[in-house]
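Undergrad: I grabbed these lines from Swiss-Prot:
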- 45: active site, proton acceptor (ACT_SITE)
- 147, 174, 175: substrate binding site (BINDING)
- 149, 175: divalent metal cation binding site (BINDING)
- 70: site 'Transition state stabilizer' (SITE)
- 84: site 'Increases basicity of active site His' (SITE)
């Protein structure tokens, strides 16, 4: 079994991604052909469930873009279900400390290395027990990315990085800026300093740093600092802003009173 996304991170090859929030397999397939290295299927803030994640995984599968799935929480039951439908790479939100990071890793591993429940006869991941020795191969194919998005998590970054089985650490700029007192302003100098320091620290520890940033200059800055998986846009934002721009060219008035950024 292979995980191309995990292999790319291990090799130090930067991966450029797009966030999927439309919760739709048709749009997921459309974007899978756009040329991004990875696509994030968001189960935290988008209206996804196990069934909609499954159909998006199926839609993306024929394309080179690699799927990354974010559950709504660091919950072993939810993680088990997502792995069984075929997710191999998970982005676990709001991880605050090393214990929570260890719990995330354990949820992705079969015993004795972890606590993932065995149900491979029912699972797309094992191709319904058609993958020989799946139970012994699956653990090494899992890629665990944890999200740090508060000052508390930042203060615990060193111990999180020491957890075996963590492949990457994703900095959540929206929640981090809010926690630091700069809600809606992830480009504030204090937030940017925290992000840049974290990227350097994560890479120095031999892990892959990641982030979502639609500002092209900042995204390139993070890549220069060593970020290895960077999402550079969100499908809902691309659709909304693109539609508004087209309407505006024909005289429509935009109502952007609630717009506060890409995410």
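Heads up, the Cβ atoms here are built off N, Cα and C, so glycines get one too.
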Undergrad: Going by DSSP, is the residue listed as 'active site, proton acceptor' sitting in a helix, a strand, or coil?
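TA: Note: the residue listed as 'active site, proton acceptor' is coil by DSSP, not helix or strand.
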Undergrad: For the recorded substrate site, whose residues are 147, 174, 175, find every other residue on that chain with a C-beta no more than 8 angstroms from the centre of their C-beta atoms, and list them by sequence position.
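TA: Near the substrate site, beyond 147, 174, 175, sit 93, 94, 149, 171, 172, 173, 176.
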Undergrad: Quick one: what's DSSP say for residue 175 (substrate binding site), helix, strand or coil?
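TA: In three-state terms, residue 175 (substrate binding site) counts as helix.
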Undergrad: Given the recorded positions 45, 70, 84, tell me which ones have a C-alpha lying within 10 Å of the C-alpha of residue 149 (divalent metal cation binding site).
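TA: Those near residue 149 (divalent metal cation binding site) - Cα within 10 Å - do not exist; the answer is none.
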Undergrad: Can you give me the Cα-Cα distance between residue 84 (site 'Increases basicity of active site His') and residue 175 (substrate binding site) in Å, rounded to a whole number?
TA: 29
Undergrad: Provide, as an integer number of angstrom, the distance between the C-alpha atoms of residue 70 (site 'Transition state stabilizer') and residue 174 (substrate binding site).
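TA: It is 16 Å, counting Cα to Cα.
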Undergrad: I need the CA-to-CA distance for the residue listed as 'active site, proton acceptor' versus residue 175 (substrate binding site), whole Å please.
TA: 12
Undergrad: What is the Cβ neighbour count of residue 147 (substrate binding site) at a 10 Å cut-off, with all protein chains included?
TA: 24
Undergrad: If you count the C-beta atoms lying within 10 Å of each candidate's C-beta, which of the recorded positions 45, 70 ends up with the smallest number?
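TA: Each of the recorded positions 45, 70 was scored; lowest Cβ tally within 10 Å is 45.
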Undergrad: Under a three-state reading of DSSP, tell me whether residue 84 (site 'Increases basicity of active site His') is helix, strand or coil.
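TA: Looking at the DSSP assignment, residue 84 (site 'Increases basicity of active site His') belongs to a helix.
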Undergrad: Take the Cβ of residue 84 (site 'Increases basicity of active site His') and count every other Cβ within 10 Å, whichever protein chain it belongs to.
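TA: Excluding its own Cβ, residue 84 (site 'Increases basicity of active site His') sees 20 Cβ atoms within 10 Å.
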